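First comes the structure, then the notes that go with it.
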Amino acid sequence: MDATIYEIIFGELGDVNCSLVEAFQDTFLENASVALLSADGLYCNATTDEIGTCWPRSSSGRMVERPCPEYINGVKYNTTRSAYRECMDNGTWALKSNYSNCEPILEEKRKYPMHYKIALIINYLGHCISVGALVVAFILFLCLRSIRCLRNIIHWNLITTFILRNVMWFLLQLIDHNIHESNEPWCRLITTIYNYFVVTNFFWMFVEGCYLHTAIVMTYSTDKLRKWVFLFIGWCEYVRANWKAVKATLVLLPLLGITYMLFFVNPGEDDISQIVFIYFNSFLQSFQGFFVSVFYCFLNGEVRSAVRKRWHRWQDNHALRVRVARAMSIPTSPTRISFHSIKQTTAV
């Protein structure tokens, strides 16, 4: 058996079982007519990396080549290209395998071109509506100082992160695909900023959950829970503050969590599942900011009450200014001046 036959057999076994490959290598080396190890006898043992690629036993100081895996993190790759890993001079593998030559097969994700175009329109529409609603909510929280408390400040910051994330999303859409491929520094900077705002958005969702959890735990401690139950049974008392906390929690879970819980796992290769995933994910992701602004601002009782008071105050001030303007204009009217002159002449 020569090295060529060995390479052919290894190519068939390499993706099956790395331990099987190592056993085959042991048998091959005993009967091989060619030396596969270096002169000093150092070699790297067969091992499997974090991607799942089996790297066979190799002589030290050699760059080992393996076909790119068919799937990496659920994405299909071109197996005609090769990945590399160095067996170093001391007989140990390099820490990282080089998969830079491996290319994903992106064309397969375009099996539904019409659905992807519709999903892109939904994304643009949802992000536009969300940005508009979020900006209005941001201005309301900015102008209505009377409602500033910890809860509303948290809502305000969450809305701010949604605005920044959506604006950066639009900037990313303006970048040409070829620029993405060329990996320009300014393109990397924009992508980094976008990812930063995405992370801050998640953290402010976490802050929302922490605040509500703290509020509920403080409200429903063991003693207070018993007292609340007894009061409810005895008097059927309606505790509005407690209900508001529960209602806020029930709103928070679907509002911030359902978008990610529904599509935590890729739906698979089924056509219907893929199409449902495309539409639902596009709708929920793009309109999430709109729903946040509606529930946390436009339907917020404190915000609505403050806006109503500000509106009534503006109406009163406007009516008062109109009355003052009319009163100031009466003495200067020609009719009034003539009557005043006649009155003075008559008195003389």
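Backbone N, Cα and C define each Cβ position, glycine as well.
TrEMBL annotations:
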DOMAIN    17-106  domain 'G-protein coupled receptors family 2 profile 1'
DOMAIN    119-235  domain 'G-protein coupled receptors family 2 profile 2'
DOMAIN    244-300  domain 'G-protein coupled receptors family 2 profile 2'
TRANSMEM  124-144  transmembrane segment
TRANSMEM  156-175  transmembrane segment
TRANSMEM  195-218  transmembrane segment
TRANSMEM  248-265  transmembrane segment
TRANSMEM  277-299  transmembrane segment
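Ranked by the number of CB pairs under 8 Å to the transmembrane segment (277-299), the listed stretches 124-144, 156-175, 195-218 are led by 124-144. Note on the transmembrane segment (124-144): residues 152, 155-156, 159-160, 162-163, 166-167, 169-170, 173, 282-283, 285-290, 292-294, 296-298, 303, 306-307, 310 of its chain, located 6 or more positions outside it, place their CB under 8 angstroms from a CB of the stretch. Cβ atoms under 8 Å from those of the transmembrane segment (156-175) belong to residues 124, 127, 130-131, 134-135, 137-138, 141-142, 187, 190-191, 193-194, 197-198, 200-201, 204-205, 207-208, 288-289, 292-293, 296-297 of the same chain, restricted to positions at least 6 beyond its ends.
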